[in-house]
Amino acid sequence: MLSTSIQSVAKQLKNSKISASELCDASLKQIEKTKSLNAFITVTSDVALKQAKESDQRFLNGMTRGDLDGIPIAIKDNFCTQGILTSCGSNMLSNFLPPYDATVVSRLRDAGTVMVGKCNLDEFAMGSGTVDSIYGPTKNIWGSNIPYDVTYKPNHKMSSSKPKVDPEDWRIAGGSSGGSAVAVASGSCFAALGSDTGGSTRNPAAYCGVVGFKPSYGLVSRHGLIPLVNSMDVPGIIARSVEDVTLVLNAIAGPDVNDSTTLKRKYEKVSLDEGVNLLGLRIGIPKEYQNTAIDAEIVDILKKTASIFKECGANVTEVSLPHTPYSITCYSVLNQCEVASNMARYDGLRFGIRGDVTISTEQLYAETRSRGFNEVVRSRILSGNYFLLKRNYEKYFVKALKVRRLIKNDFDSLWDSNFDILLTPTTLSHAPKISEFKQYDNQTQCVTQDYCTQPANMAGTYNTALMVHDSFQKFNNWFCVFVLGIPAITVPVGLSREGLPLGLQLMAPVFHENALLRTALWLQQAVNFPQLKLKV
């Protein structure tokens, strides 16, 4: 029952064929069976069982809260959960118990979901492999030594081979939401929250053969999401199907008084019932995404997918986003500048670990931050502060903002030319082995892993719907101009010759989630990606 969709298991719950407690118990057992993958930092068994019993009582009283009632879900460990460890995979927050829930966590609880645990991530979400957590790396279930079957749909045309298993040289899960992706792919939960700053939801989803969705900036509240890059961070959703992603989105989206960057108008739920009319749908394939580092299998499956759309009436055209090659460098500069600002709060005085030195405040700060942050975090702080020095501010930070405007204009020109959807690779290859991934440092890997995904976070547009206060607008003009990122989703579309998942990304204009998710659903149904089931 853990391998079915949310809608399917919701019907079983409503018809009393299973109980929420039984479903929760099965989920917790699955987590135990797959613990060698290290998808979870904290397993919240007591909380989950209590929530499941409450759900059972609601079903008994005829007071259910919808299709998510009783459904096991997981939360990335950079979302605040009241009284439950929220570590960001860092020694700095290894003792942090938040006094409140993030808005998205609260809304999922109100929808009746059962939280089974907090998922592993790169430290403070600064990575693309989920290998930098103080709790150890997360391993991809594909190619792991956990026995599993791949169930193919009728008339499949994919590779039937399974990846070779090497317990010492496993496949990475992607990042930074690798724990969330593995939790969903392994059947430990039905959906999981991730965060997405430059692709941290979509990258691991593609590597793990599941669906990863990044909503428009401002559609889902960031309140309680421990910030990395305020102007790009968004809560993301990982699930095994587009339908399940949509159910979770409809539960968590909408205005939030605790987050001034959320959309002010009432959220209208996405409906997939109407489907998508492919006849005349304009799909652009940006040529710049097929760079020299891309694997031939990704190019091949991109062409095959484009042909599927064409055969069914869509107008598929190669297009240009000319500033794409500069996007990753621009992203890196802005990322590190905002990281330097956000990490300044971790001084050992207000929360987090605290150094033992009491000779001076400066030495206390130095020891606290040296002990609390890993080399990756310290490196980004150092780089960000360098870019923000008075003598460098115009040269790096302001110039990066200007390039970001050009990237935004590239996307706007396509939307203004009546393109509905953009189709691109999500990653440049299938999931690499850990030995391959470790050949390069964190920054180099991010340049490779985020190449196709971060432009969606960078493609900002001025958001009049946010109604930013005039004084805020005056002193934070750069933020107001670039406050929105476009929605994007990765859908698993095939297997490589080695039997590993390959995903493709769809992007749409800001707040066009309806069109994006309907198109993604059509693609999901057209490719019939195989289902992974554990044998244990």
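Cβ coordinates are placed from backbone N, Cα and C, and glycine is handled just like the others.
Summarising the annotation, TrEMBL assigns domain 'Amidase' to 22-144 (among others).
Taken from TrEMBL, the feature active site, charge relay system covers Lys76 (among others). The Cβ of Lys76 (active site, charge relay system) has Lys118, Cys119, Leu121, Ser177, Gly179, Ser180, Ala192, Leu193, Gly194, Ser195 as same-chain neighbours under 8 Å, each 6 or more residues away in sequence.
Sequence annotations record features per position, and here TrEMBL assigns domain 'Amidase' to 171-517 (among others).
Within its own chain, Ser176 (active site, charge relay system) has Leu121, Asp122, Ala125, Met126, Gly127, Ser128, Thr130, Gly194, Ser195, Ser200, Pro204 as residues 6 or more apart in sequence whose C-beta sits under 8 angstroms from its own. If you look up TrEMBL, you'll see Ser176 (among others) marked as active site, charge relay system.
Neighbour density for Ser200 (active site, acyl-ester intermediate): within 10 A of its CB lie 38 other CB atoms from the protein chains shown. Residues or ranges marked as active site, acyl-ester intermediate in TrEMBL: Ser200.
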